[in-house]
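Just below is one structure, and these are the notes that go with it.
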Amino acid sequence: MNVQVLDRYEIVKSLGSGGFGDTFLAKDTQIPSQKLVVIKRLKPANANSNTSTELIQKLFEKEASVLEDLGEHNSQIPKLYSYFSNDNEFYLVQEYIQGVSLNEIAPISSEQAKTILSSLLTTLKYIHSKGIIHRDIKPENIILRDSDHLPVLIDFGAVKETMGAVTLGSGSTVSSVVIGTRGFMAPEQSSGRSVFSTDLYALGLTIIYTLTKKLPVEFSSDQQTGQLDWQSHVSKIDSVLAKVINKAIEMEPSRRYSSAEAMYQALHSLISSGAEPALPMETVRVAPSNEFLVTRSSTKTAETVVKPVGNSHNNYSNNNGKSKIATLLTVLIGIIVVTAGLGGGFIITQQIKEAEARAAQAEKEKQEAEQKRIEAEQKIAENEKRQRELEQKRVEEERQRLAAEAERAKQERQRLAAERQRVQVLANQAKAMASGASATIGGIPGSKNIRSGPGTDYGVITQGYTGEGLDILDSSTDSSGHVWYKVYHYGSGSTGWIASQLVNF
């Protein structure tokens, strides 16, 4: 586009336009790397109102300084490099976050959604601790950064809200516009009464979008409670995540989580206790291990009966047949009992193994989620530590630079003073030679005392300066034997005494 802002930022392309202004991708041409930045150009929404530009300027600078502080101390909020105004337009120059928005990657899995939600809640905890409400959370305003895959929260609504400032007849200032995106705004937000749970409401709907790739208006809702029917659009929904989201998107603020911290704790406490219970197992009666043995040992042998000899063969045949049948039945019953016992035991064993496997998988997933959370928090802590170290290093380097600059300035002042004295001495000497003086004042450049008599006991009658002309009139010694000259001082026109070591012939 080859358009520049402040003769510094070269516009690369437009990133979007809205009711409050325009957003551009630009290059910072005044640094060697020509780093990419995002420039937001904002315009007052009520150009013809009674609200003064000075008031909007003041509100803009206040909110911009808050945004600068947030980005400086949290790596998941873009840094604010600069802010300024020009021709009744207001500019923010921010860090360019390279990555993809949640709008672009949807739909995602429940596990991915939980990780993103946990990380964003950590960021919101920090933002809310500063008394700030984002006001415009939606999929487009959350970027998964390429460098570390952490979700970055962009486009805070507070600065844009200042563009709608108007002054009431009572003298108080309010915003005449509502910041937010239709479908993601909580009911209280449309009336200008945003609270911390307003952000949680929008975050819940944003996570629903990442799971379904559907806007809130595309879901049917319960006519009595207003609850959205979104879970039927997710093929495999995590029950823990669903429970947390449903509470966050309650219509009444009092029914939602009171804070990002509360929602974060709910998400992780449910995950910690969220191992699926084993499915109810069918009760199967299994014979005790010794039942088959009891059945065999309790089988009665044929009873001995005395019969007439003539019928002995028939009796034997009948009894023997019955005994064989009884034995066969006993064996069959035993086999059936053992088989039933083995089958039932196999079913129970399988169900126990399956339950144990499910519990182990749930525990593994919980540990992985916790590990991801810890790693994300460690990265945040490392980034914050690195930022603090860089800031300390910058402050120390700046202190050393200022000290070195002060020392150079001091040396320069001393050099100039010495140079001035040297020039003055040369000038005095030239003047003395021109006047026909027989001698000049010598010694280190500066003033010298001319006294009323030969010695330091006498008072000072005037002062001469190195290089000024003298005429020698007489000489004498003081009480210590030091030689003094009585001189006529051309500079003052006075006659007095000066120590011999201060006279050059």
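Just so it is clear, glycine is given a Cβ too, placed from its N, Cα and C backbone atoms.
Binding of ATP is attributed by Swiss-Prot to Leu15, Gly16, Ser17, Gly18, Gly19, Phe20, Gly21, Asp22, Thr23, and within the candidate set Lys35, Lys40 the record adds Lys40 to that site. Maximum intra-site Cα distance, ATP binding residues Leu15, Gly16, Ser17, Gly18, Gly19, Phe20, Gly21, Asp22, Thr23, Lys40: 14 Å. With respect to their backbone Cα atoms, Gly19 (ATP binding site) and Asp136 (active site, proton acceptor) stand 14 Å from each other.
Counting only the Cα atoms, the space from Thr23 (ATP binding site) to Asp136 (active site, proton acceptor) is about 16 angstrom.
According to DSSP, Gly19 (ATP binding site) is assigned to coil rather than to any helix or strand. Other C-beta atoms found within 10 angstroms of the C-beta of Leu15 (ATP binding site) number 14, with every protein chain shown included. Ranking the binding-site residues Ser17, Thr23 by how many other Cβ atoms lie within 10 angstroms of each Cβ puts Ser17 at the bottom. In this structure, the binding-site residues Gly19, Gly21 were compared by how many other Cβ atoms lie within 10 Å of their Cβ, and the smallest count belongs to Gly19.
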